[in-house]
Amino acid sequence: DFGHSSELAFVVEPSDDIAVQEQPLILYCQVEGIQPITITWRKNGVMILDSENAFMLANGSLYVSRFQRVRGDGSSDEGEYDCMAQNHYGLVVSRKAKIQAATMSDFHIHPQNAVVEEGGVARFQCQIHGLPEPVILWHKNSMPVNTDNERYTLLPKGVLQITGLRAEDSGIFHCVATNIANVKFSREARLTVSGSHSTVYKDPMILVGPENLTLTVHQTAVLECIATGNPRPIVSWSRLDGRPIGVEGIQVLGTGNLMISDLTVQHSGIYVCAANKPGTRVRRTAQGSLVVQAPAEFVQHPQSISRPVGTTAIFTCVAQGEPPPQITWLRNGQILETSDHIKLKNNNSTLSIYGINQADEAIYQCLAENSAGSTQASARLTVLWADGLPSPPQGVRAETVSATTIQVSWEKPLQNTKEIIGYVLHIRKAADPIEMEYQEAVSKSTFQQLVTDLEPSTSYSFYIKAYTSRGASKASEVTVVSTLGEVPAMPSLFIKVINSTTVQATWEPSIKLGQHKGFKLYYRKVHLSQYTGPVLLASNVTAYNITHLDASVVYEVKLLAYNQHGDGNSTVRFVSLRETVERTVLNPPCDCVKDEQNNKTSTTGIIIGIHIGVTCIIFCILFLMFGYRGRLLMCKNVQEQLSTPQIPRSQRSTTGLVLNGATRRDRDDRDLNGKQLDMNELERLFPASPSQEQQEKGIMSAHSPSAPHDETQISTLPLDEFSIIEEQPDPLPKNPRGSSPATPAPNHGPANEG
């Protein structure tokens, strides 16, 4: 930003005005910047030449000596005026000032005679158009109406309201309209107040509701609402969208008129007037819309910039207003035309100039305009250019290498090559806008570049610039070349066996295939060299049945996609129909009637099997629950038939009694402090027996190997005769023979397991 001292900018711009017939008019324009500055004026886009009627003052303002709405030659001084200023940096244009002639029409609404009963409401209205808006005053009996009387309300649009009528209000009324153009009087109207105040009930009624208004910010809006009824209704206001009306700048005129001062855009909306009967929910409503417009104003101004040759310059201009403003760009006072290297984006808010050169150096203006007003802002583009820069690179050539690769080559510039630090290759699809361009940097000793990752069958444009530390050369000549076409990619292929002589080949269409005309299908027996085919299929076909095949051999199926550039790589699959034949032999065709009968029989068998299975499970559970009890009962009967001779305690093995396969000594080692069976009880239940057979089943001897084997007869009691006594272990008695004491048998499980 160079500041206003070196820029060309407006200090004062002409403003909208209303001129009086035959009176002088001055339009102001003041500019600052580097001299010399030339100022000129235009009206409706046409240059104004100095004349006796209109000429420019020394300070740049325009003076119109006698304003004429219509001249003798049919011309008019009304129109849109703008001021243009120019210096060696460029040219700027001011905002457009709308000049209109002051006028006043005849009254098109006059007050009407009225007869109203005492206590009622009277309303008179007169309406007239003019520029500027006429001021309307009311007279009663040829005297100005006393505005100090609270029962008299004067509205700006020419309405007189009188509430709580009395006999003295009767009289002759007329209005007077005044502006700088004229003064006019309306016709007279008589007001007659009749009778006395009535006490008859009347529903609330709105005589006049609010009108639809369109105003500009900072103006004043008056929404009229006058209601009658008995008892007198209460008038209230609200917004249809439910938002609060607020209190700042809000005033009630008379008995129910709403006045909003210093309007803002937020005041726009639909306003509802309600006449409410006191103490009830009875009400009548009327509504009117208020539209508040705002002239265009800038949120972001364009900024002056300096850019080297060949780079990109971007100006941003953001404006707001109601309605939203339209943005127009000027270049040195002329409408800016877009081109390949000048683009407007974001609703004209962004101006981009690509590959700038010295011809682009100018003052660029952003004009924002809507129905409420216009504004402008300017910025200058300075193109940096250094002497001694290289000339453009020479002999740019582009050669196609493949469907995705192009090789670009060039020769060094003819002049000023010593300071070159590198080259920049500019690449763009020929059909794309210039902003889609991208670059690749190349070292100063390289004069060719392989450009890869391009699209097949596409035209590309290339140009080169040589760069130094002080700037870039001008662009070389542009060369355009197209990449080769590309054959389609390999399609995916799936084989499905239909029957012993038919297979189905299916594939999926894919974007990876690219542009293709169709498919070619081949198949053969693997032991043969000759293919059957090609079978040509359209690009939208995705399946094909191969029939009349030999089930005893293996087949090879091949599929490829093709286009105008040739055939793509093929996808190969192998398939055998032998398994299908074997399955057919092992599983002959079914007899449907027989199968149906078999299915019925099978269903019956399944049901019977389920019942048998459930019964077996129940028996198993009962067996597990009562098995031990039954075995003890059986052992009791056997005990009655067997003799159980006793043996002395000293003859019992010191090894101990074996219970459930574990010796007493082993169990005693694990549970010395555990619960123990009463030894006397064990002796009573399991008396000793010399039987060798019982000794093998239940007793193990711990005497010397030469000692005779003591045997014990094991008897079993019924479950209800068996008990376990839980007590602390007593000191063990000494063995009468002096042998080691017998180890007590610990309690290690359920007693009925003995």
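Using the three backbone atoms N, Cα and C, a Cβ is placed for every residue, glycine included.
According to TrEMBL, the domain 'Ig-like' annotation covers 8-100 (among others).
Sequence annotations record features per position, and here TrEMBL assigns domain 'Ig-like' to 105-192 (among others).
The domain 'Ig-like' annotation in TrEMBL covers 204-287 (among others).
For 295-382 (among others), the entry in TrEMBL reads domain 'Ig-like'. For the domain 'Ig-like' (295-382), the model gives a mean pLDDT of 92.
Remark: secondary structure over the domain 'Fibronectin type-III' (392-486) totals 3 helix, 47 strand, 45 coil, with classes taken from DSSP. Annotation source TrEMBL lists domain 'Fibronectin type-III' at 392-486 (among others).
According to TrEMBL, the domain 'Fibronectin type-III' annotation covers 487-583 (among others).
Residues or ranges marked as transmembrane segment in TrEMBL: 606-626.
Taken from TrEMBL, the feature region 'Disordered' covers 643-754.
If you look up TrEMBL, you'll see 643-657 marked as compositional bias 'Polar residues'.
Look at TrEMBL and you will find 663-673 tagged as compositional bias 'Basic and acidic residues'.
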Residues of the parent chain within Cβ reach of the transmembrane segment (606-626), under 8 Å, 6 or more residues beyond its termini: none
Segment proximity, the domain 'Ig-like' (295-382) to the domain 'Ig-like' (204-287), 3 or more C-beta pairs under 8 Å: yes
Summary of DSSP states over the domain 'Ig-like' (295-382), given as helix, strand and coil counts: 3 helix, 54 strand, 31 coil
